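Per Swiss-Prot, active site is recorded for HIS153, LYS174, ARG259, and the stated evidence type is sequence analysis. The feature ATP binding site is assigned by Swiss-Prot to GLY168, LYS169, SER170, GLY171, LEU172, GLY173, LYS174, SER175. Summarising the annotation, Swiss-Prot assigns Mg(2+) binding site to SER175, GLU218 and lists sequence analysis as the type of evidence. Positions annotated as active site, proton acceptor by Swiss-Prot: ASP192. The region 'Important for the catalytic mechanism of dephosphorylation' feature in Swiss-Prot is assigned to 280-285; the stated evidence is sequence analysis.
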Amino acid sequence: MNLDQKGLKKRSITVAYFFNTIGKKNDIKFRRLNEVDEQKRRIFERDLHRPGLALAGFTNLFTYKRVQILGNTETRFLNHLEEEERNRVFANLVRFKMPCIILTSNNKLPQNLLDMATNADIPVYVTRCSSTKTIYIVTGFLDDQFSLYQQYHGSMVDVYGVGVLLTGKSGLGKSEIALDLVERGHGLVADDVVVIHRKGESMVLNAKRNNIIDHFMEIRGLGVVDVRANFGIRAIRDVKEVQVVVELLEWNKEIVYERLGLDIKSRKILGVDVPLVELPIFPGKNITVIIEVVALNFLLKRYSNYVAAEALTDRINDVINREKGEEDSYE
């Protein structure tokens, strides 16, 4: 199954969406300072800009398509200018079609400058947060919005704190296995459609549910199951890092499957290598327990650098070497 698809990315978001959403997910509040149509302004980049050089008159390399941050330095520079010069400088700034302006640390602009921004259809906001905190939060929010993402067919489950992505052909029982794991106390992230994001150059992949399907599951022969209603809030997760891929395979007696676990495999998702476990399925095989052991093995390797197959191999080699040494001593 090819999971390494190119990935999609939002081209832009409206300033209205930015203003209405960021405060719900982050510890930051913005207040409007003017009334313009925020739907007409769009943000195209995750990077922000502090227009110090543009205020000083150098606009050759002005990245005006980014959200503009005016902190203590920029506002004090404007305020120390004579009114006529200040108006000229700010008029030169707002002639560019920027998404919006954010004032940090409760800084203020004279009303005539706000009127200039309004006439140019540029939204202006203010926050009590410092420039450092504002840039950190807004950059993180835009990172999420413009991150690479792709939708995959499968189920995503939190097993002992390990994010396990179940993949495989339709009809192999991915949803049934995920439901069994939920019944055993683990958490469902998504079923059928798993949305995976990669933020920036990070090597971390985060999986989320499809907002339409939410935490509903379709079980063949039973129908639709509402996991949250049936099992409670403890049975669901909003987001989880993809740490292990378990691919379910139809049993084929002609294929020699891995028996020791020394052959480490991986699957590339959005350019990131994720550990892969291939599980052949046949009637009577308890896949749920095996997936729990997969998660526990992942934790053992991550926190103790312990791999059972390597430990057994080392033990066998020690016995062989010891017996060989005893034979040499008899000679």
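One-based numbering along the chain as shown.
Every residue, even glycine, has its Cβ placed from backbone N, Cα and C.
Here the structure is a predicted model, which means the values were calculated and not measured.
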- Item | Cβ within 8 Å of the mean position of the Cβ atoms of GLY168, LYS169, SER170, GLY171, LEU172, GLY173, LYS174, SER175: remaining residues of the chain near ATP | LEU248
- Task: Sort out for me which one of GLY171, GLY173 has the most neighbouring CB atoms within 10 A, since those are the binding-site residues we care about.
- Result: GLY173
- Query: For GLY173 (ATP binding site) and the residue listed as 'active site, proton acceptor', what Cα-Cα distance in Å is obtained after rounding to a whole number?
  - Reply: 11
- Note on the structure: Ranked by how many other Cβ atoms lie within 10 Å of their Cβ, the recorded positions ASP192, GLU218 are led by ASP192
- Item | Between SER170 (ATP binding site) and HIS153 (active site), the C-alpha gap once rounded to whole angstrom | 9
- Item | Model confidence over the region 'Important for the catalytic mechanism of dephosphorylation' (280-285) (mean pLDDT, whole number) | 76
- Query: Does anything in the same chain, at least 6 positions from LEU172 (ATP binding site), have a Cβ under 8 Å from its Cβ, and if so what?
  - Reply: LEU248, LEU249, GLU250, ILE281
- Query: Ranked by the number of other Cβ atoms within 10 Å of their own Cβ, which of the recorded positions HIS153, LYS169, LYS174 ranks first?
  - Reply: LYS174
- Which of these recorded positions is closest to ASP192 (active site, proton acceptor) if you go by CA atoms: HIS153, LYS169, LYS174? HIS153
- Message: If you count, for each of the binding-site residues SER170, SER175, the other Cβ atoms lying within 10 Å of its Cβ, which residue has the minimum?
- Response: SER170
- Query: Including all protein chains shown, what's the count of other C-beta atoms within 10 A of the C-beta of GLY168 (ATP binding site)?
  - Reply: 21
- Helix, strand or coil at LYS174 (ATP binding site) [DSSP, three-state]: helix
